[in-house]
Amino acid sequence: MHTFLRSTALVVAGLSARALASIGPVTDFHIVNAAVSPDGFSRQAVLAEGVFPGPLIAGNKGDNFQINVIDELTNATMLKTTTIHWHGFFQHGTNWADGPAFINQCPIASGDSFLYNFQVPDQAGTFWYHSHLSTQYCDGLRGPFVVYDPADPYLDQYDVDDDSTVITLADWYHTAARLGSPFPAADTTLINGLGRCGEAGCPVSDLAVISVTKGKRYRFRLVSISCDSFFTFSIDGHSLNVIEVDATNHQPLTVDELTIYAGQRYSFILTADQDVDNYWIRANPGIGITTGFAGGINSAILRYDGADVVEPTTTQATSPVVLSESNLAPLTNAAAPGLPEVGGVDLALNFNLTFDGPSLKFQINGVTFVPPTVPVLLQILSGAQSAADLLPSGSVYALPSNATIELSLPAGALGGPHPFHLHGHTFSVVRPAGSTTYNYVNPVQRDVVSIGNTGDNVTIRFDTNNPGPWFLHCHIDWHLEAGFAVVFAEDIPDVASINPVPQDWSNLCPIYNALDASDH
């Protein structure tokens, strides 16, 4: 079990501790406002079940998840409506349950509820969930989600894989999203919901403690629930044997540290084979937060059973083996779709990604994404049959069915590196950041990819086997709010027949549209 050391004076009703007991696959899910102080600084937040991060939702491969989201939000300084995105799930046949506001649904009104009811027949691994309405998840509505596989091919290589081996990394903001600047700097790195602020005047807050027993092997599931910051992650004195990337099994790859971007996940096996002691867990942010580890910032503690209850004195590896995406290879079905050559696809798209300084907006092919007032899915169900008929104009791309798509995402837009996420799919990264070569044989497969820095031209491939409108966007939430997104309307003619919508979904828009703007 995780052990959290804390001063009760800094905790309001225990709300900043992550719930240790997982919930699901069938559950009510209350979204509430409450005060939390994960770094000793108290603020009002938007919380799932009253805790940050939200509780672990868990189930098994093949489960039917029925998550009844109950909106009890009342704080007018933050959004009162909400939606939830279940990040990484294909939602085949349930596009209406994917969650992005005004793409797949209207928001849930305060005082109302909505049942997300979806099957997970062929996926397992590490996922997460978060609000997908404006920048609401930066105010706290985010948490981990795990689907266990009883036939996991790595099952015999670890002894422990449970609630206690999930590690969340978050950036934390002392100011509510709607009250701050468009591109705020985070105040604190939180590991499993606890951390220390690096600014002058911040209290010395307690750190998360992850307990291990010498001799045991642990499958840790590392989840970036970040709004912006990416993190360089390591555990002093221990190597990380990576076996899963964004809910896809990969060939084992042993490293000392890895960089994880907003929305990404890794599973790694850690063998507790060092002396019984305390070891620093490090998550150094790339942007927005005070970097380094002075005073225990950006840190947590790996504590062996029997070790003294003290902070570690360990040091980082001086020449670490660093994870490179180019070295990751899927365990099965490794080949990229299409022909193993440049242009060997049915449709190739090249996006021009830019930032417009005067407007403080991002653009894809010259267009800033502005959410429509009618969800894209509802537009399709109401008869729109081409991209030209769909709003927002210039931001919807129609994709044919049963086709292989290649998408190039050249870096260079201000504020990078930008992590891009495609809903409804995993994709093959045939050209990762930092590489000038293409790998069609066994490229990493994932659902969030960093597009790197100026000069990079990250290229991905996927098959259109999932009818519906699917969001593609930068997972830095401030950048999404500034228009860094498009919608892929996949196989428009089959959307309605493949994705029958429940009546409660149809009721969402009339209820939302009747709200006063102050209740949004």
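Every residue gets a Cβ built from N, Cα and C, even glycine.
Keep in mind it's a predicted model, so treat the numbers as computed, not measured.
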Listed by Swiss-Prot with His423, His473 as binding Cu cation 3, from among His130, His132, His174, is His132
Disulfide partner of Cys138 per Swiss-Prot: which of Cys202, Cys227, Cys474? Cys227
From the candidates Cys106, Cys197, select the one that Swiss-Prot records as forming a disulfide bond with Cys509. Cys106
Listed in Swiss-Prot for the Cu cation 4 site shared with Cys474, His479, one of His250, His418, His421, His425: His418
For the Cu cation 2 site that Swiss-Prot assigns to His130, His475, which of the candidates His87, His520 is also assigned? His87
According to DSSP, which of helix, strand or coil covers His87 (Cu cation 2 binding site)? strand
So what's the mean pLDDT when you look at the domain 'Plastocyanin-like 2' (160-304)? 97
Measure from the CA atom of His130 (Cu cation 2 binding site) to the CA atom of Cys106 (disulfide bond) and give the result in Å, rounded to a whole number. 16
Taking all protein chains shown into account, the Cβ-based neighbour count within 10 Å for His87 (Cu cation 2 binding site) is 27
Just give me the nearest neighbour of Cys509 (disulfide bond) among the recorded positions Asn75, His85, His130, His479, Cα to Cα. His85
